[in-house]
Amino acid sequence: MDNVLPMDSDLFPNISTNTSESNQFVQPTWQIVLWAAAYTVIVVTSVVGNVVVIWIILAHKRMRTVTNYFLVNLAFAEACMAAFNTVVNFTYAVHNVWYYGLFYCKFHNFFPIAALFASIYSMTAVAFDRYMAIIHPLQPRLSATATKVVIFVIWVLALLLAFPQGYYSTTETMPSRVVCMIEWPEHPNRTYEKAYHICVTVLIYFLPLLVIGYAYTVVGITLWASEIPGDSSDRYHEQVSAKRKVVKMMIVVVCTFAICWLPFHVFFLLPYINPDLYLKKFIQQVYLASMWLAMSSTMYNPIIYCCLNDRFRLGFKHAFRCCPFISAGDYEGLEMKSTRYLQTQSSVYKVSRLETTISTVVGAHEEEPEEGPKATPSSLDLTSNGSSRSNSKTMTESSSFYSNMLA
């Protein structure tokens, strides 16, 4: 197929076909300037925002929770993808010439798949954690060590999935330019290439979103559709509201990811249906737009955290306190709110099955941090996102529920 826009260095599914020596995809300067400004916004916002998210969590002891460790992994993957791939993708799509050599050609085809896999499965892990915390609150939670092991396994699987595309990546020198492409093994009807691309799309988009959708649907029904007992205390209502805020924030994160990446996946599946589309000159603008939307997903999460979570908002205000239009706020609250451990007796209503479990509680907080004080063996440590530590002693009386702000 001649005159195909060479997408072979793009994130993943490539059209590994013959490319012409001429370059028909030449844009006017004003278009390049506009696209450059749009992509610059992504890189700056994503890298700065995600680095601040990582700092907020790792620099504050009480923010080191199971959920937040997965958010660190998500932020790391997105910051790296924005820093190492967005600009290169843009320059190659605009000029249709590969300037970066063989090694970076392999890395450029390899790393984004791994980063995208790590991102979506970090969201899946958070959804599973929310599901277990709210639907099965008496089940043991992941420890800090187990959480790190899960993150390590996610990256190992991500690297294995991305390996074939990096391995078969190569550069090809033409009389007028160099292109980065993927030379898949010869096979009738490009079977290996099609199988790999479909497998990748399912594993890093459709499958995890299906799992996440199921988890949050069940959690949403539990938190919003079930009635709260009329005699529940104000503290208990606050606790349920806190759970809802966490779930709502993560649903926004996942929906943003799904919307941003859908056009990109569709774009790379279309050639298997109608290959002639890649012969059209307008396809370059379609690609730049779909890639911008996909890459922009890396910059939205820090904004979502800042808008929907009080602690992250405090952290961002402190990080940007040098800006004259930003008030630093009560920065001590980032630590203080999660360090209060009050002994109280609390009623826990299991709304999913309309059962009430009455327990003695020592210290209610968002999640038990990595190195936080441990509850006594006879206590049930309930958190504002529904998490719990077992070894409980059931009581026959209830009292107010003390809930902290969310992490």
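Backbone N, Cα and C define each Cβ position, glycine as well.
Here's what Swiss-Prot has on this protein:
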TOPO_DOM  1-31  topological domain 'Extracellular'
CARBOHYD  N14  N-linked glycosylation site
CARBOHYD  N18  N-linked glycosylation site
TRANSMEM  32-54  transmembrane segment
TOPO_DOM  55-64  topological domain 'Cytoplasmic'
TRANSMEM  65-86  transmembrane segment
TOPO_DOM  87-106  topological domain 'Extracellular'
DISULFID  C105-C180  disulfide bond
TRANSMEM  107-128  transmembrane segment
TOPO_DOM  129-148  topological domain 'Cytoplasmic'
TRANSMEM  149-169  transmembrane segment
TOPO_DOM  170-194  topological domain 'Extracellular'
TRANSMEM  195-219  transmembrane segment
TOPO_DOM  220-248  topological domain 'Cytoplasmic'
TRANSMEM  249-270  transmembrane segment
TOPO_DOM  271-283  topological domain 'Extracellular'
TRANSMEM  284-308  transmembrane segment
TOPO_DOM  309-407  topological domain 'Cytoplasmic'
LIPID     C322  S-palmitoyl cysteine
REGION    362-407  region 'Disordered'
COMPBIAS  376-407  compositional bias 'Polar residues'
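Contact between the transmembrane segment (284-308) and the transmembrane segment (32-54) holds: at least three of their C-beta pairs are under 8 Å, each pair 6 or more apart in sequence. Per-class residue totals from DSSP over the topological domain 'Cytoplasmic' (129-148), listed helix then strand then coil: 12 helix, 0 strand, 8 coil.
Contact between the transmembrane segment (149-169) and the transmembrane segment (107-128) holds: at least three of their C-beta pairs are under 8 Å, each pair 6 or more apart in sequence. Using a 10 Å Cβ-Cβ cutoff, the residue listed as 'S-palmitoyl cysteine' registers 7 neighbours. Secondary structure counts, DSSP: the topological domain 'Extracellular' (170-194) has 7 helix, 9 strand, 9 coil. When DSSP labels each residue, the topological domain 'Extracellular' (271-283) comes out as 8 helix, 0 strand, 5 coil, counted as helix, strand and coil in that order.
Taking Cβ pairs closer than 8 Å, the transmembrane segment (65-86) reaches residues 11, 39, 42-43, 46-47, 50-51, 53-54, 57-58, 107-108, 111-112, 115-116, 118-119, 122-123, 125-126, 129-130, 141-142, 144, 147-148, 151, 154, 246, 295, 297-299, 301-302, 305, 366-370, 385, 387, 407 in its own chain, all 6 or more past its ends.
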